[in-house]
Amino acid sequence: MCRDEPDTMILTQIEAKEACDWLRVTGFPQYAQLYEDLLFPIDIALVKREHDFLDRDAIEALCRRLNTLNKCAVMKLEISPHRKRSEDSDEEEPCAISGKWTFQRDSKRWSRLEEFDVFSPKQDPIPGSPDNSRLQSATSRESMLTDLSEHQEVSSIRSLSSTSSSAPTHVPHSGEATTPRTNSVISVCSSSHFVGNEDSFSSLPSPKELSSFSFSMKGHEKNTKSKTRSLLKRMESLKLKGSHHSKHKAPSKLGLIISAPILQEGMDEEKLKQLNCVEISALNGNHINVPMVRKRSVSNSTQTSSSSSQSETSSAVSTPSPVTRTRSLSTCNKRVGMYLEGFDPFSQSAFNNVTEQNYKNRESYPEDTVFYIPEDHKPGTFPKALSNGSFCPSGNSSVNWRTGSFHGPGHLSLRRENSSDSPKELKRRNSSSSVSSRMSIYDNVPGSILYSSSGELADLENEDIFPELDDILYHVKGMQRIVNQWSEKFSDEGDSDSALDSVSPCPSSPKQIHLDVDHDRRTPSDLDSTGNSLNEPEEPTDIPERRDSGVGASLTRCNRHRLRWHSFQSSHRPSLNSVSLQINCQSVAQMNLLQKYSLLKLTALLEKYTPSNKHGFSWAVPKFMKRIKVPDYKDRSVFGVPLTVNVQRSGQPLPQSIQQAMRYLRNHCLDQVGLFRKSGVKSRIQALRQMNESAEDYVNYEGQSAYDVADMLKQYFRDLPEPLMTNKLSETFLQIYQYVPKDQRLQAIKAAIMLLPDENREVLQTLLYFLSHVTAAVKENQMTPTNLAVCLAPSLFHLNTLKRENSSPRVMQRKQSLGKPDQKDLNENLAATQGLAHMIAECKKLFQVPEEMSRCRNSYTEQELKPLTLEALGHLSNDQPADYRHFLQDCVDGLFKEVKEKFKGWVSYPTSEQAELSYKKVSEGPPLRLWRATIEVPAAPEEILKRLLKEQHLWDVDLLDSKVIEILDSQTEIYQYVQNSMAPHPARDYVVLRTWRTNLPRGACALLFTSVDHDRAPVAGVRVNVLLSRYLIEPCGSGKSKLTYMCRADLRGHMPEWYTKSFGHLCAAEVVKIRDSFSNQSTESKDTRSR
């Protein structure tokens, strides 16, 4: 057995590393730091008490990881310290969900705000010990880790069968010398009796059990340092032997033989009672073998409609540790390091409950519904009619609902729901195999051709599979034919060419398909919270004349025209009570905390309900934040351009022409029957694509067919380099609708949405709100959420598509049209349809802060970081008396200090704009970089300052309104301006204290402003917090000036990663627009003189 010890140690180290990574990204970084500093084991009961605001699932997910680390600490296993990120990326902002911990930025340590013993379980005084001292708790003024390093003593268990185990433990006084590095954990290092099988971790005693043991320190005559040195040498020798053995051992011809349990020497009856050992023979023949329990089916964790009470038992016995999902070991390895709360492994009732639950799950699997498809159905198209029923095997036959196969003697009955007739039985063609008629009801799904067991095509045309449907189908086809003739009469062009091979018609009746979605029947008045008409005319849109130079970046830089869609914004304006709960109103620190909580919640739900091999840690936050080389998209403007590139170019994730297409459909085409279902014309759709690529600023859709525009919109999402839900998270979205129960899907999908990148989440919100308007007109267009989902889900999830360039490994090669569709593909298509329909129906609830965040003590509300008042700004200055003028003067001095030091410490950053871009990390405040953009402008400093102060509308295309609230002096004022956002997201509201200077050395000018809280400024949108904004204008000769713009702002509703990837590009684009405003003005003046 000893030869397996190195492998076991390596696997345990991997498990500990993954547990620490999970703790960091879910808001528990303090525990990962404690483990790396060898301050484990900790008392899990006290951790539960500290996080009592979390629900049961989240607590179990946390305790599983802590229990794993406790066992690893007992085994004296260390992991490599957490590596810092590269210099060009921000370190992750320290963030803990619990409000009882604080991060000391000077020492980079976590410490507690109040005394709380978290490291050792409470225990009775040990008899014979000279002192009853316990671990001291750290306060907010000193690091807890340093405090523990000075007072905690080490104990080493060399062997559980040591003859000195009955000696009393000596707890040293606080004055006794201890070794800081080795005084952290109790280690188990048995040299000869260590069992190296895969389940050896779970047999280790817990921290509470260790407290009942007593260990001898063999007197005080032996030096502590010598003991520590010998212990480290022993550990190092074990590591060297293990690594050498793992590299050179020959493969064994015989399988690993594990003997029966061997009672160690010295294990008397008292110890057996402490370990809860039970005699197997005492079970009276009714026992259940432990290996059978470990090999049992995981069906109890995969059911999709089980109640919460039933699933609790399932999760308690079937949730593995993270590392077991990433390696392929024997089935008995699936319970390594799991946390079982209130579960007695030797309880007979526990085994009986598990067996009974598995039997119930096998007997009544909920997903036994099938859809009947007519025999003249054309593969690849939507059937004319569908009816649902269920398979009922007759006799002794059994059905495997996971794979769709069934086995048994010769007959299979098809029972129709709500049918009073006796079921008709049909003989199968072969008793050894089944032929399943599985036709897809989604576009993009190739038609399936069934094969018999011999590999030949099954002749189903001569076999009457659905005789009961003949009469019904006859009438349905006749009515469908009448509807088609009526719709063709009113269509603009009778061309039957399909624009896309994947576009297929779906039933026009809202009740014809039931895909397990609760339809939310909404009227237009329900969607419009402000009383505005959904189809109210927009303000007239003038096409501005292009004024750029026609060369360089001005040809590829987007959008001098902004779409202003006020009716769409006002129809989804939240009520006053729910404004603070909207995601787009949260600060960057709150978004960071909310993302960690969402990952915690999603992990808990997926581990509870999904099979062990269906989920993992690959979709966690650091994975999709990994920096990837992005290809160049200079030759593309709309189609095939990532959403991130759109943000960097124009400040909005959706191109203007795509937004205009959505507005055209919403204002003029909601009454078109079968919108997004009926196909457009290929030639016209191709012409629309060319119009979008050539003139992305503005595209006139007047007179275009609604079906052509809708198909073009579907093509836009299909042509994105990755799905809207991203490659990393698409599978998670599908798993939610495959395994998570209905009553918990909403909170699971809200958590998954919070893990999306900001631009993907904003586009998803815009699209879902738009589709909710389409379903509001269901009486006219007959498009329910389910019908829309059938048509759009393949495009949004990129289902059933061939692997493309730059796509992730998840997009696998799909089967060709002549092959049999894979069961996984069918399950994913069904889950995607159900998921999209559910998100359309519940779109108003998906983008709100969970109510659970209000229970995070004060850690969430404290992160709001509102702008300060004038009086509070005055207190930031060191001068007395406190006044905002002193604060402004300090800002001016800081600006010229940067100039004097020639901007030392700034890091250059690449950008596509014709400007120099750099950044500087700031340790204070929220996790936001300070960005700097520099450009040369063909104007004098005074002219540029006037353009910035009085003529913002000439260069800011997003400006909606601006006004001066209060004039404080000749060079200082309170200024408010509002910028437009992509509909239906609310506008951005700025209220700033700004001051300017013109009498600076060398003829320079400066404009400085920062956000301020002013009672006379009305709220006109989401209030932005500008922490720092500076304009420095220096003359550089020949009538030109050097414009330097520095900014650090919290725009609300964005993650720290968004500011790292996109905000700097927006700063560079702003100075380019200021320069272009002067270039265009000079060009116009020359044209006027030439005339």
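Glycine residues also receive a Cβ, built from the backbone N, Cα and C atoms like all the rest.
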| In Swiss-Prot, the member of S129, S808 to which phosphoserine is assigned | S129
| For the record in Swiss-Prot, which of the ranges 614-636, 867-889, 890-912 is the region 'Polybasic cluster (PBR)' one? | 614-636
| How many neighbouring Cβ atoms, not counting its own, are there within 10 Å of the Cβ of R677 (site 'Arginine finger')? | 25
| field | Helix, strand and coil residues within the domain 'SAM' (11-78) as assigned by DSSP | value | 49 helix, 0 strand, 19 coil
| request: Please report the DSSP secondary structure of R677 (site 'Arginine finger'), reduced to three states. | output: coil
